[in-house]
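Here the structure is laid out as structure tokens; the discussion comes afterwards.
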Amino acid sequence: MKKLICLFAVFLMLCGRAFALDANDLLPPEKAFVPELAVADDGVNVRFRIADGYYMYQAKIVGKTDPADLLGQPSFSKGEEKEDEFFGRQTVYHHEAQVAFPYAKAVGEPYKLVLTYQGCAEAGVCYPPVDTEFDIFGNGTYHPQTDEPASAKDRFLQPSSQNGSGALPPPKGDEGGDSRFKLSWDTLNANLLAFFLAGLGLSFTACMYPLLPIVSSIVVGDKKAGKARAFVLSVVYVQGLALTYTLVGIVAGLTGALLTVWLQQAWVVLAASALMVVLALSMFGLFNIQLPNAVQSYFQNQSSRLSGGKIVSVFIMGILSALIVGPCVAPPLAFALGYIGQTGDAVLGGLALYTLALGTGVPLIAIGTFGGHILPKAGDWMNAVKYAFGFILLAVAVYLATPHLPYYLVVALYTLLMLVPAFMLLVNGRRQKRRPKAVAFALGGILLIGGAWFGWQGANGKTTALHHFLTLNPPAEAGKSSEHGKMFADTAALKAAMDTALKEHPDKPVVLDFYADWCISCKEMAAYTLNQPEVHQAVDMERFFQIDVTANTPEHQALLKEYGLFGPPGVFVVRSDGSRSEPLLGFVKADKFIEWYEQNR
């Protein structure tokens, strides 16, 4: 951790105390997080009273109404930055959180408000998302519909998870989405480098070649310019180009909170995935995305009227050039904007797109400074760059849709995304000259071997680190064995498997572990405890059962209630006579886990 490491260390120490934590020490969610409403003419203000030792996630606070769309964009009170190893930087609240939901339109009739929120206990237990419903009346009063949180089946908003089971992990600067690719201040250098390299890649597509005459005119406009002057003018031109991209990035960052809420819905995620496929097809040349000819001509005429050699004129040329070339690079730019939008940070968004523009502008600066003779000649290699971006966009489409697709279909799609370009490189490489042919054969061979290996491993149920990374989770069949035992999402299948194990060996207990994707301590247990060799030596992992309650279905809620839990993690030793141990709550290290198990087996 780079910042807040002391706070995070305190958090881990509190989690470590969970070995002595009793389930009775935890408050039910309706007492840990208590919403109070103030209904005004212009909106609804919500104040959450948060019990000591608990905290809430800002990005998990959502308001929905019936009739729909009565509320505008919410504003939040200032929260605290919490750094999490698994989910990145989070904004959380202790003690109190205030949210203002303005009305988006006139409200004259009573309506129903559903507040969705989620939080955790500092001791290491996370609660499932809670829905609380209120009837709002026109005279400024309100009434809770029930004393209990709304059930999952009554939700207006059904968050989607990264394993397809239904609930989104805690916000990533936010789950959403996904912690594998997160733009945050802690990963700023790596992310800016990635955006710079992406911009550099875009500069080698045919999209940027219309800008070369403009760059040449910049230098020609100052006939006495040496290389130093030409360099300065080229840099100023690229800064104008970058300004347009930066403003777009800022807008994407400002709308990030809205994108986060929308991206929790399956249909939005799948629509975004379909859009990536369409954009990829444009990179393969099936159709072109461009401004109407009349609009393009207007911007080109305005640019040509500006005289070269003058700083202000050159800067404005750069701005207009971004508008000319922008639609041509729309497919990869659309992905970049969606990626930035998850941050909700205007500064980060602006920095990311500014860096992308700088990468795009490097060859333009080189051309303006040293002349066009250093530019590679146009040819098939430019199409190869476009095709590469097309396959990247297809991979992004699969990545977005992964939580909603069967495991083996995801494996098959990724396999095709490696094998198809491999065959294209191997077939087309034969027509190239010696050096391009060698490069094409090398890349094609790597992709061919990698694709065949990835597909074979996935088809045989052998999940490697790459499979976990790309597919988010191993096959979701009930009872699939892993290094963490047997994972179930269906409670009936879990109970049947546990009953069978206890009947076969009544003298041996089984272990039941409650898990969820949005549970930080569950991730810690998986990463630092359950995968340790000493745990596998002490515990028979064939008798270790995990129930994935990420979806928080009514069946999951009933099972949690049956075992006296408000949320995961919770580990029990269950015996053949029907008795079970007190739960192990929160994160503990391997030695403490083994000690607890030996005491309760």
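Glycine residues also receive a Cβ, built from the backbone N, Cα and C atoms like all the rest.
Summarising the annotation, Swiss-Prot assigns signal peptide to 1-20.
The topological domain 'Periplasmic' feature in Swiss-Prot is assigned to 21-191 (among others).
Around the Cβ of CYS120 (disulfide bond), 23 further Cβ atoms fall within 10 Å across all displayed protein chains. CYS120 (disulfide bond) falls within a strand segment according to DSSP. Positions annotated as disulfide bond by Swiss-Prot, on the basis of similarity to another entry: CYS120-CYS126 (among others).
Under the heading region 'Disordered', Swiss-Prot lists 148-176.
Summarising the annotation, Swiss-Prot assigns transmembrane segment to 192-212 (among others).
Summarising the annotation, Swiss-Prot assigns disulfide bond to CYS207-CYS328 (among others).
The average pLDDT for the topological domain 'Cytoplasmic' (213-242) in the predicted structure is 70. The topological domain 'Cytoplasmic' annotation in Swiss-Prot covers 213-242 (among others) and rests on sequence analysis.
Positions annotated as transmembrane segment by Swiss-Prot, on the basis of sequence analysis: 243-263 (among others).
Here Swiss-Prot flags 267-287 (among others) as transmembrane segment, drawing on sequence analysis.
Residues annotated as topological domain 'Cytoplasmic' in Swiss-Prot, with sequence analysis given as evidence: 288-310 (among others).
Residues or ranges marked as transmembrane segment in Swiss-Prot: 311-331 (among others).
According to Swiss-Prot, the topological domain 'Periplasmic' annotation covers 332-346 (among others), on the basis of sequence analysis.
The annotation transmembrane segment is assigned in Swiss-Prot to 347-367 (among others).
Taken from Swiss-Prot, the feature topological domain 'Cytoplasmic' applies to 368-380 (among others).
The transmembrane segment feature in Swiss-Prot is assigned to 381-401 (among others); the stated evidence is sequence analysis.
Taken from Swiss-Prot, the feature topological domain 'Periplasmic' applies to 402-406 (among others), supported by sequence analysis.
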Inter-residue Cα distance where the pair is CYS522 (disulfide bond) and CYS126 (disulfide bond), in Å: 9
Cβ packing number for CYS519 (disulfide bond), 10 Å threshold: 28
Spatial separation of CYS519 (disulfide bond) from CYS120 (disulfide bond) - C-alpha basis, Å: 8
